[in-house]
Amino acid sequence: SGCGTFTFLSSAVAAISGLLMGYELGLISGALLQMSSILVLSCKEQEIIVSSLLFGALLASLTGGFLIDRFGRRPAIIIASSLLVLGSLILLPYESYGILIVGRIAIGISISLSSIATCVYIAEIAPQHRRGLLVSLNELMIVIGILFAYISNYALTSISHGWKYMFGLVIPLGALQAVAMYFLPPSPRFLVMKNNDEAARKVLEKLRETSDATKELSVIKSSLKDEHQYSFLDLFRSKNNMRARMLVGLTLVFFVQTTGQPNILFYASTVLKSVGFQSNEAASLASTGVGVVKVVSTVPATVFVDQVGSKTFLCIGSSVMAVSLITMGLVNRNIHVNFTNVCRSQSPEDFLLQRSGNFTGVTNGSLKDLFASKASPESLSFGAQKSPHVARTEELNRTALAGGKSTTGSHMESGEVPLVLKWLSLGSLLVYVAAFSIGLGPMSWLVLSEIFPGGIRGRAMALTSSMNWGINLLISLTFLTVTELIGLSWVCFIYTVMSLASLAFVIVFIPETKGCSLEQISMELAKQKYAKNPLCWVTQRREKLVPVELAKRGKEQLY
């Protein structure tokens, strides 16, 4: 029943999906800064580019569960990796807003399918005492991917068309994973579901590095005997508490999204520019700090989850998130920055200056004349009406151009953001990111991979994933607009309330599952007492279930 080298290797190769997913999620934060300049994107267009990936992910989550349960976890991962390579290749040759959306939708389908299949695959090949470690390995790879994305953002942000290099870096790794997964074993539980017991026994023996896996195979067969008879509609019925389990799963992913972390991920550079990190390079470098904190925080959660338990980490994470969000909100109330100016800071003059290669020999004076004649406020496509702040920003740009000086088009350089507040805002943001990375980040998907029966686990995970991507899409599609309306500080206060609500939910409804096999968890959750009082199983499991199992094993060893 040990965790052999082959088991760890198989889990690590599958977890490359997490690395690819994290990279694609974090990539847009820095790439958006370049693309908004090159394509002259409005706030709404930026929101659509960010959300196009989430739209693809939502589409995949609606059908991915049936694919995973019908054809297997491993083929789904191979298909997902291949689709990510295809989607990335679509983005490279063109500089088109429409093509960009199409490519990001394809990548979204890929990462959604892989995120479901990878968690299920690793959970089903892992031994019970190492399942938390191996499933959380996927989350660790996600945050490492995010860190790599932020590093590439910083390294390539000053390179012409650097965003294309950012998108292209994942192609070799995606192709490598697709090939490597072909040589790894399928899930033994999936093989039992397909009545291929002999193949399942051989896979278990190889994974556990033992010559006899009959006992574990018998437990799996006994557990799956009735589970494969589940239909999709059973997820909404009271049979074996499936409705209660589904509500727990859906509510958990609801809090993953509504506590605000995904928006920090997508708009990290934009948010950091709004609190005083003026240049693209400075904002990208500060975002890299966010990625480092995510990795450093996820490591202890991954290593100690099997000893501490997922519920404990969820409680700690939600509590610290609430405190850091209150701090961030209070600090940002004293930073008077026009958030709209950040996502629209690229004036026509700045755009043309960055493309100065197209205006060889044009002097500052003639460029000024060009704008006076052909880029008057009335003729620009940004709209006939401008806010006073934007109008003042454009006037500053023209004044600087006339004097032969460059400008960023933002009033933040005038020193309106005190240094202490700027770094305090960044510090509270990093604490918030760290808290999410030890709690809701890795632990939510561990819990989801455990609480559903094996025969319907893929479809259940797909449904919760649909909820996850759907809310993510809604929030990301409106984040800049909502922040413009109510301010960044009030957004932080809303996230604080949701963090406190998630803490209460975890305490009352989430079971502690450390040390139990998937079959034990499923049997306990199916009991009626759990539906009536979810705390009952939490308090009794350590006292009754595990000692009974240990006693049984002791007797078997005596004989």
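Indices start at 1 and increase along the chain as displayed.
Cβ coordinates are placed from backbone N, Cα and C, and glycine is handled just like the others.
On a predicted model such as this, the values are computed, not experimentally measured, just so you know.
Features of the protein shown, as given by TrEMBL:
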| type | residues | note |
| --- | --- | --- |
| DOMAIN | 10-514 | domain 'Major facilitator superfamily (MFS) profile' |
| TRANSMEM | 12-36 | transmembrane segment |
| TRANSMEM | 48-68 | transmembrane segment |
| TRANSMEM | 75-94 | transmembrane segment |
| TRANSMEM | 100-121 | transmembrane segment |
| TRANSMEM | 133-151 | transmembrane segment |
| TRANSMEM | 163-184 | transmembrane segment |
| TRANSMEM | 247-270 | transmembrane segment |
| TRANSMEM | 282-305 | transmembrane segment |
| TRANSMEM | 312-331 | transmembrane segment |
| TRANSMEM | 429-448 | transmembrane segment |
| TRANSMEM | 460-482 | transmembrane segment |
| TRANSMEM | 488-510 | transmembrane segment |
Close approaches to the transmembrane segment (429-448) from elsewhere in its chain (Cβ under 8 angstroms; 6 or more beyond its ends)
115, 119, 131-132, 135-136, 138-140, 142-143, 249, 252-253, 255-256, 259, 261, 264, 271-272, 289-290, 293-294, 296-298, 300-302, 305, 310-311, 313-321, 323-325, 327-328, 460-461, 464, 502, 510, 513
Sequence gap of 6 or more, Cβ distance under 8 Å, 3 or more pairs: do the transmembrane segment (133-151) and the transmembrane segment (460-482) meet that?
no
Listed stretch, out of 75-94, 100-121, 312-331, 460-482, that has the most CB pairs under 8 angstroms to the transmembrane segment (163-184)
75-94
Could you pull the average pLDDT for the domain 'Major facilitator superfamily (MFS) profile' (10-514)?
77
Given 12-36, 48-68, 312-331, 460-482, the one sharing the most C-beta pairs under 8 Å with the transmembrane segment (75-94) is 12-36
With Cβ distances under 8 Å as the criterion, find the stretch in 12-36, 48-68, 312-331 that has the most pairs with the transmembrane segment (460-482).
48-68
